[in-house]
Amino acid sequence: MKVLGIESSCDETGVAVYDTALSGVPALRAHAVYSQIALHAEYGGVVPELASRDHVRKLLPLIRQTLDEAGLRIDELDGVAYTAGPGLVGALLVGAGVARALAWALEVPAIGVHHMEGHLLAPLMEDDPPQPPFVALLVSGGHTQLVSVKALGAYEVLGETLDDAAGEAFDKTAKMMGLPYPGGPQLAALAETGTPGRYKFARPMTDRPGLDFSFSGLKTQVLLAWRGSDQSDTTRADIARGFEDAVVETLAIKCLRALDTADCNTLVVAGGVGANKRLRARLQEAAQRRGGRVCFPRPALCTDNGAMIAFAGALRLEAGEHADAAVQVTPRWDMASLPPLAAARESGIGNRES
């Protein structure tokens, strides 16, 4: 089954083709992402109406480009998957409308995909994918969650942020220190040059039981340290390093607790912050110490993309799910409410070859 995936939940337009007849990395026939960073930079954040209009402009050309790269005609598609939520309602409707129209014209099934399930399943597109049960850390600009995955589609949220997501904290902290938009990647790059230990910030909510997160207090700590400093380039880098170390260590501590809670030894990390080099290294080290395994998608598939939507959609279409003809989106959507994917798992998609 060749499935077209469309991602338009926020400020990236993503399109991909996933082929279930193949396995591992080659199954992703083609994917392309258009980022709206330049469009929103002057506003210091995403403007929903501008995001929606830009998806309208970019989506169809990106579909044509992706099909060309995959070497496919549009009538060779067997299904269409699109992000149905969570996300910005206008942006979601653009992708959903195009997807439903294509599916109707091609007389193929369509499926709305949960954006965070797409992130969670992205590592399964790699060679030697992880198998349930595992714990997933979903860490991005809008979400920070620990999820127990007992089977594909069977999700239990073990903990989540009570305020800012980790990626949001990166972006806001960077903005406080005068770094350009988008701040998170800029702050991480700056932290590479900072002196470890010069600034040491609290590891929020690690001194008590539980798996929830809170990053708003850490953000305030950094603001006070910045305002009380000489605000030199060197100090900016040192504070960035201290902030990043605090976030990474907090995430690592909570991940290890979650593995103990779920009684498993495999950790999956996905979402934009999952591309952070220091986070990857720290979690790899922690997994090796306990004789476990940590799995990441390739960095290009950590941020929002159509590949994860095509893959998650392929799993659900193979399981016999499909959407009706209505164009529906769900801006707020609890992933735990999704139906299990036992049939898709039995089909072998995303499983190791025997």
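We number each residue from 1, going along the chain as drawn.
Each residue, glycine too, has its Cβ placed from N, Cα and C.
Between the candidates D304, D324, D334, Swiss-Prot assigns the Fe cation site shared with H115, H119 to D304. Per Swiss-Prot, the candidate among D171, D260, D263 that belongs to the substrate site alongside L138, V139, S140, G141, G142, G184, N276 is D171.
Cβ proximity to the Fe cation site centre (mean Cβ of H115, H119, D304, cutoff 8 Å) flags the following additional same-chain residues: E7, S9, T83, M116, G118, S140, G271, N305, M308, I309. Neighbour density for H115 (Fe cation binding site): within 10 A of its CB lie 28 other CB atoms from the protein chains shown.
Sequence-distant neighbours of G141 (substrate binding site) (same chain, 6+ residues apart, CB-CB distance under 8 A): A165, G167, E168, F170, D171, G184, G272, V273.
Cα separation, S140 (substrate binding site) to D304 (Fe cation binding site), rounded: 9 Å. Listed in sequence order, the binding-site residues from H115, H119, D304 having a Cα within 10 Å of the Cα of L138 (substrate binding site) are H119.
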